[in-house]
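Some features that TrEMBL has for this protein:
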type     : residues  : note
DOMAIN   : B:40-558  : domain 'Cytochrome oxidase subunit I profile'
TRANSMEM : B:62-81   : transmembrane segment
TRANSMEM : B:101-127 : transmembrane segment
TRANSMEM : B:189-210 : transmembrane segment
TRANSMEM : B:230-255 : transmembrane segment
TRANSMEM : B:275-298 : transmembrane segment
TRANSMEM : B:310-332 : transmembrane segment
TRANSMEM : B:344-368 : transmembrane segment
TRANSMEM : B:380-404 : transmembrane segment
TRANSMEM : B:416-440 : transmembrane segment
TRANSMEM : B:452-473 : transmembrane segment
TRANSMEM : B:493-518 : transmembrane segment
TRANSMEM : B:612-629 : transmembrane segment
Amino acid sequence: MEHAASHHKHHHDDHHDQESLKTLGFWIFLVTDCILFGTLFATYVVLRTNTAGGPVGKEIFDVAGFVAETFILLTSSFTSGLAVLAMHKGKIKELITWLIVTALLGLAFIGLEINEFYHMVMEGATISTSAFLSAFFTLVGTHGLHVSFGLIWMIAIMIQLGRHGINPVTSRKVYNICLYWHFLDVVWIFLFTVVYLMGVM
Amino acid sequence: MWEKIKDFASTFFVTGDPLIYGADVAIVLTTFAIIFVLTYYKKWGWLWREWLTTVDHKKIGIMYLIASLLMLFRGGVDALLMRLQLALPEMHFLHSEHYNAIFTTHGTIMILFMAMPMMFALFNIVVPLQIGARDVAYPFLNALSFWLFFFGALLFNISFVIGGSPDSGWLAYPPLSELSHSPGVGQNFYIWGIQISGIGSLATGINFLVTILKMRAPGMKLMDMPMFTWSVLATCILIIFAFPILTVTLGLLFVDRFFGGHFFTMDGGGNPMMYVNLIWMWGHPEVYIVILPAFGIFSEIVSTFSRKKIFGYKSMVFAMMIISVLAFFTWVHHFFTMGAGADVNAFFAVTTMAIAIPTGVKVFNWLFTMFRGRIQLKQPMLWTLAFIPCFAVGGATGVMLAVAPADYQYHNSYFLIAHFHQVLIGGVVFGYLAGIYYWWPKMFGFKLDERLGKWGFWLWNIGFYVCFMPQYALGFMGMTRRVYTYGWDLGWAPLNFTSTVGAFLMGAGFVFQIWQIAYSIKHGERDRTGDPWNGRTLEWSIPSPAPHYNFAVIPQVKGPDAWWEMKKEMQQDGTKKKPVQLKPIHMPKNSGIPFIMSVFWFIAGFGFTFSWVWMAVFGLIGVGICLLARSFQYDTDYYIPVKEIERTEKALGRAV
């Protein structure tokens, strides 16, 4: 690797290009994820009235629960934004703190969602009860899986920040996880509207 | 204990069919032969270092090519078995369940495990070279895409000796594909085989879109790009918008089968028609995904072998872009008979006919490129010339099918079978074969033998018409698809027999092509110039096969047909290329993670297939660990020193 050392500056430029390339790719990945959720939403909308004698949305959605989930997730999106601001100022401790806050809020969200699902299943509203509930659990569950995946990823990035500090590679990673986090927030707003609000109307 | 094992084995392995036992023996013998050869010649390390861990787009392309030719063989054998069964009325060659499994695997393999990887082979081999890049945007992801495809295809293919093949058609319509009607594991193999390789295809779409948008040589504007690169760009856009729909659709079918969901079941409020809509929202763009690169290939070949620049460059680009948009608005024409209503059917009939317009524009552009050109009838050009009339007829029968009221007559008849084979063989297969002949010297450094190639060409072509023209007539006579036998009284025997003869002629054509490859490895004309066809685009400016880093110096591009212009300039100046200052080249390091992660995907898929949750969870955890391991890797690239580049270029006969 002695050659790499002698071309250190050059190396640095190549890295910059590569990081911006990866962020562009991540944006396109988000486009595909958008279509994935779009397909799930379309399926849900088609099947939402097919309750087959099972419970309807009004009977099983807990208003206090999903409102709490919404506020927690929206707040976590805000704190992830604060993390990126801290990164731009080069303040590593502040950055990691905000990421921890974001992750904890995400964890609380997942906890509430598991609790919600658990209660529904206990009341006999399971994924195999009706087409409506299959679509509900799949759509909301896919979002929940995305958030859980994001949590593990965020923890991995925090460890890397601790090891390497803020450099082009780690800041690209922080930027992308926050993009992902905001994206999940946007998806949730649609879930909140289409599934929960229209469900209890 | 012994009884238990026997019980398990009798359901785990497919039993009771001499054809399958023959295949079992062949698989075991081949596996042992491969292991023996690798061990005897001490090639395991070489295999791991040079191929299994490679991130070089050229090698990944070659692996895609080999895999797709194997799958062409497998899908082709399926086709011949079906044609044998149908050759005469009341044949007892295959029983009905076996026939169902074979037409299912034939369709799925030919589209997803033959056409797609052959297309990705050409993407990988050609695109970075055409745009003057040293690799794709994400080499690691590229390797991962290949191995996901490979293990997805493997999972799908083992179904015929383990557990049983899927048998509910290549698109697995529910309720036939639901647990209620297909309780076996075959359908699970279908879901997971396609799901795993589908993730890879999606990643390839993202990868090549970014590569084309961001990694072109300096000076190459979008409207200077070679036509094949344009077709790949259009295809990538289609992949990005279509493949997530496939992922969801198969995911929902899996939820139905594994968790007892009710998306597409007949009870619990499920709606099978939802599946048919969703699968064709992916499925129709999918046929344009495989045909657009073929259009790109024909454009390159027509231009090169007519010694002219392509006629109507801009209209070619617009035509492809229009096709890629319209492709998303035609899906209902696959099921006009579902009963969506006259207004819906009318809309989709019109969009379907509209898509013939940009396609027609392209055909005229190819013809005008040839007009007054100095045409050379080399192998790639032969296939291109065969494509044009074949695709024109296939397109015309497509417009016939697009007439919604008339479609009630044609629907699911052999007329439809003949139509889509004509556009898929005449368009996609001829196109990819033309591309393989055209870029073969660039991949391997020698040309494929002309004489044997012509045998293959004529057998394929005559075989094609003998096989499929009778099927149009059979469709009119009332023969529907997926029937496994028919009576003497129907009068279908002579045409069916003719069709079978044609299928075997195509099979013979394929054998000639394999012979041609084997013969040419030793005797083929070597390509020492790097530019065997007097080409026009940048891939012909470098040695064949291209060195690891592709371009010692990244070229400066001034307009379309960059290499052609450079050659003209060099002739005028009367000088050789000016000596240039070499710089160290930045390259990605090889990695074993894509291969290992895909093995874990395979384990997870196998576990889900047999509902062995422990195994599925183990596989998914493995996948997660691989992802994390990659995330923590920072030392992922290196520099090739100038001395080594000089040495390589000199060895390839290039003065630097």
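Glycine is no exception: its Cβ is also placed from the backbone N, Cα and C atoms.
TrEMBL entries are annotated by machine, without manual review.
Counting C-beta pairs under 8 angstroms (sequence separation of 6 or more), the transmembrane segment (B:310-332) fails to reach the transmembrane segment (B:493-518), with fewer than 3 such pairs. The stretch with the most CB contacts under 8 Å to the transmembrane segment (B:230-255), chosen from B:101-127, B:275-298, B:380-404, B:416-440, B:452-473, is B:275-298. Contact between the transmembrane segment (B:101-127) and the transmembrane segment (B:380-404) is absent: fewer than three CB pairs lie under 8 Å, with pairs separated by 6 or more positions in sequence. The average pLDDT computed for the domain 'Cytochrome oxidase subunit I profile' (B:40-558) is 95.
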